[in-house]
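What TrEMBL says about this one:
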- 1-379: domain 'Major facilitator superfamily (MFS) profile' (DOMAIN)
- 12-34: transmembrane segment (TRANSMEM)
- 41-64: transmembrane segment (TRANSMEM)
- 105-122: transmembrane segment (TRANSMEM)
- 128-150: transmembrane segment (TRANSMEM)
- 198-220: transmembrane segment (TRANSMEM)
- 266-284: transmembrane segment (TRANSMEM)
- 290-313: transmembrane segment (TRANSMEM)
- 355-373: transmembrane segment (TRANSMEM)
- 387-408: region 'Disordered' (REGION)
- 391-408: compositional bias 'Polar residues' (COMPBIAS)
Amino acid sequence: MISEMGATREAASWPFSLLGAVANIFGILSGILLRKLPLRAVSLLGSTFVAVGILLSVVFYGVIGITLCIGIITSIGQGMIFPANMVAINTYFKKYRATGSGISYVGGTLVSFIFPPLLVYMNDQYGLRGTLLIVGGLSLNALAGSLLIAEPRNSRKKRAADGAANEVEPLKQVAKVEEAPNRKDVLREELSFMRRPIYYVVVLSGVVFAYSLVMFVVTVVDHGMGRGLSKLAAATLLSCYGGGELVGRFCSGILSDKKLCHRRDIMAMGFFLMSLSFVALIYADSMPFLGAASVLFGLTNGSVMILFSVLLVEYFGLKKLPMAIGIHFLVNGLSALPRPLVIGYYRDRGSSYDGMYMMLAAISVATSLLWAIECFVKRRAEKAQADQCDDQSPTQGAQPSQQPSWSQ
């Protein structure tokens, strides 16, 4: 867009920033849809929006057209697909949820690993318009994948059994009508997770993660070229990131599912190492060092990325996941709206990205500190509970600890 249309870097970043912002804002509606419609229907609808948005940007080719088609229509589709995939993974997997979540993201990792050089080649051969047409056609393949998504058999049997039980005892149901909770009580129960402080820690971590990821992807090629790399070499930094992310996703899932470390520990360490990767980007001035910084960012990014939905299930239960993840996405989307202004502030005014990377490093350290506090509080509560169990006689039985925790 910058070279073909003469757009500023700020204007060129709007479609991709809206892509994440609108998708996340639409997440709250996706949460409601997932409560009312089958997973397959929501995923199919989302896949259709994604492909149609990209293909329409070829028809309405221009800065405004691309911004609206990809930034709005495609974003709405992504806002349906991501929550549907998260609910599907957490429904199918129980013991190995984090590993399953990591595997589900492999497609995105392979795209970031393979596509950057391929997109550079296609852009040189066919221009931006031809590239969008090819990518839009490839996106139609997601429809086939959506057809494979279905509710697990055990869940369907449980729902059928519940329905049969409701039909067998109609008189009991009628007798209990007056005892049934009203709509306000149901909504209060649905949103009960918002009364627990740990939910806001997870949401804040998601905002920091999304800002870091998008700003890295949007700026790292430009940053590399500013450090003297060729366009192709700078694009390879995204492939370095993709390789690190792939390793991070698998390692994080295996470590947490095998109980080798807690997921909250991975969050604390992940955001701390993420801050180090941003500092490394500032001082790196050659391909090996920039590549190493990109690998480190990908490693930490992949480790953290797969845990958000898993943590929400761990803290609040699978039943509340659609609404919890929907509100999470909504906050992410609203917070993403100023992102193009931040990118434009640092680059279009003749400055480098060093100040932005330093800001992201500081925010990542602060987020790491929040998770370190959660780790400390949890360990203290577990120790108090263990001590209480040791002090009780066998006839009394172990009673749950009343140690306060901000995750309760």
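All positions are counted from 1 along the displayed chain.
Yeah, the Cβs are placed from backbone N, Cα and C, and that goes for glycine too.
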For the transmembrane segment (355-373), out of 128-150, 198-220, 266-284, most C-beta pairs under 8 A are with 266-284
Using a Cβ cut-off under 8 Å, which residues of the same chain at least 6 positions beyond either end of the transmembrane segment (12-34) come close to it? 1-2, 42, 46, 63, 66-67, 70-72, 74-80, 82-84, 87, 210, 214, 217-218, 322-334, 336-337, 339-340, 343-344
Do any residues, 6 or more residues outside the transmembrane segment (41-64), come within under 8 Å Cβ-to-Cβ of it, and if so which ones? 1, 5, 7, 11-12, 30, 33-34, 70, 72-81, 83-85, 88, 129, 132-133, 135-137, 139-140, 142-143, 145-147, 149
